[in-house]
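Below: the structure, in structure tokens.
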């Protein structure tokens, strides 16, 4: 679709520097009506300034929606049922938010009769892929505008100059400087850019927004209990809470105990490596609790199969394939494994650490009678192990015999 053919576009709008510049750029370059959509995913910011900024630039249709419960219930919790970590470390706080934003953006575009959607992701990052794969999965004929791939504002310096020229307010950090590139929601916050672009440079404490330093955390552990039903957390310290409220409370506890910091160099889907500082206090606690719950409720082979599939599942979410058939297939398998993951986990939070100190479940596969060092009263016949060992040793013995005759093992 040519520039002149775009009459109305729905912009995923945070109210930050990038999307505020994009809003004005769309108006001046495309000459089209811009509809803004701001999703409240628990980023912890007052969203009214985003509305006022949009009004300042003459936007008539402004959508600001509270999606926190939907975000946690339908996106975060399903992901945590899989104990999802990208490259063994990243809890996917940014990745998991994009499908929901894109989904609602497409719904709004159809409702207001827009002929295009736009986002503020750069041409170097993963988010452009995540947004657009979701757009096309939900509306195959959608027109997508990606300003970072079109305009000549190819650096933060040029972006700031454009903002000053068009009188776009520029946020400052605590030192009065332009802020890091930040993404935040109820699950996490991330910081990138500036001095963090050098992976050898340690981040200043000012970078961290969601956690205190573990060194500054209390000298006494905080003890908590999390209740699970079918793989999802439902209560904290015996009090039933909504998904978003529970995660928010875990964030508070994690923050106070210095939990959830990660300095990560990751492999982006587009091919380059990038460095980010991630803070996921509540998610780090939740992951430890869920894994502990599974240790007594999942069958060994079922658990090992699930663990073997997790990296692929994580990769699909990281790369933007939330709405793909393969992600849905894996989700069905993961959810099937969670029917018995019900019970209570007790944890200690201490100076950046999450320590499981107890777990119990009505579906526990842990049988004290079988595993005890004391008299098991015939629950387990130790002599049965002889045949088990001999059968498992058979191929090793045969291989060793061949090896002695000069053959290959």
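In case you wondered, yes, glycine gets a Cβ from its N, Cα and C as well.
Remember, predicted model here, so these are calculated numbers, not experimental data.
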Further binder of ATP named by Swiss-Prot next to 12, 13, 14, 15, 16, 17, 18, 19, 20, 120, taken from the candidates 39, 82, 137: 39
Residue 120 (ATP binding site) CB neighbourhood, other CB atoms within 10 A: 22
Conformational class of residue 181 (L-citrulline binding site) under the three-state DSSP mapping: strand
Spatially closest candidate among 95, 126, 130, 181, 278, the listed binding-site residues, to residue 18 (ATP binding site) (Cα to Cα): 181
Fewest other C-beta atoms within 10 angstroms, as judged across 14, 95, 122, which are the binding-site residues: 122
Separation of alpha carbons, residue 16 (ATP binding site) and residue 181 (L-citrulline binding site) (Å): 10
Number of other Cβ atoms within 10 Å of the Cβ of residue 190 (L-citrulline binding site) across all protein chains: 22
